Amino acid sequence: MEFNFSGFLGAVIAVVQKRMQEEKDMLLKASLSSEAPPTPSSTEPRSSESEALDAENPSQGAPAAPADPSHLAFGDTERRTMAVEVMRLLFENLGSRAIMALQEEQRGAAQAATKPITITRTLVVSGGVASNGFLRHVLRCMLDVRGFGHVEVVAPPPRFCTDNAAMIAWAGIEMYEQGWTTDDGVLALKDWAVDPDGPDGGILGAPGWIGPGKEEG
């Protein structure tokens with residue numbers, strides 16, 4: 001199964017940007033409807049020492065701008081709530097796909113009563129996302145509710161849930177040590193399957209590879 005959540009990510013970004021724009025519009029409207037109160041610097045006399053200090057440190061005394069402008073529109077509690085809900089929706093989507101596959105397996109086993117069918121008893125979660133305990137919790141709950149309590153959810157310890165970049169780099173090391181190189185025309189690929197039996201030939205299906213013992217022409 002392949003998953004692509006770019007549309008979901010775009011929807012979340014749109015919600016955040018919309019709220020930020022609404023907050024900016026509200027602040028602008030408020031500033032236009034009432035005069036800003038005079039600041040202490042404009043009403044109180046300043047000593048020459050204070051003016052010299054401000055000249056040397058112009059940032060002192062000025063209100064610090066938030067590092068993330070979305071803080072203007074979202075409080076910490078709301079940000080945490082949104083993060084949890086985003087994860088929940090994504091993880092429930094993953095869980096529903098896994099359950100659909102298990103249900104399809106059950107139907108196949110029921111129709112093929114005359115020959116043995118392998119029944120899945122383990123669901124392996126790997127990669128960087130496997131370090132997320134909330135994902136494992138959601139999968140476990142969904143499997144139990146849908147009648148797949150016998151399916152064990154297995155994930156490596158968090159220290160082994162590395163990012164894909166490390167896996168890709170290691171695969172490159174293995175191939176280089178076996179004598180595989182590339183020519184100068186190789187470009188980065190957005191989608192690159194690893195299945196050698198797939199339509200694109202897997203890792204070695206991309207153009208530009210130079211096999212062991214061969215030289216670039």
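Just so you know, glycine gets a Cβ as well, placed from its N, Cα and C.
The following features are taken from TrEMBL:
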- 30-45: compositional bias 'Low complexity' (COMPBIAS)
- 118-170: domain 'Gcp-like' (DOMAIN)
- 27-73: region 'Disordered' (REGION)
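Summarised by DSSP class, the composition of the domain 'Gcp-like' (118-170) is 27 helix, 6 strand, 20 coil. Taken together, the residues in the domain 'Gcp-like' (118-170) have a mean pLDDT of 87 on the 0 to 100 scale.
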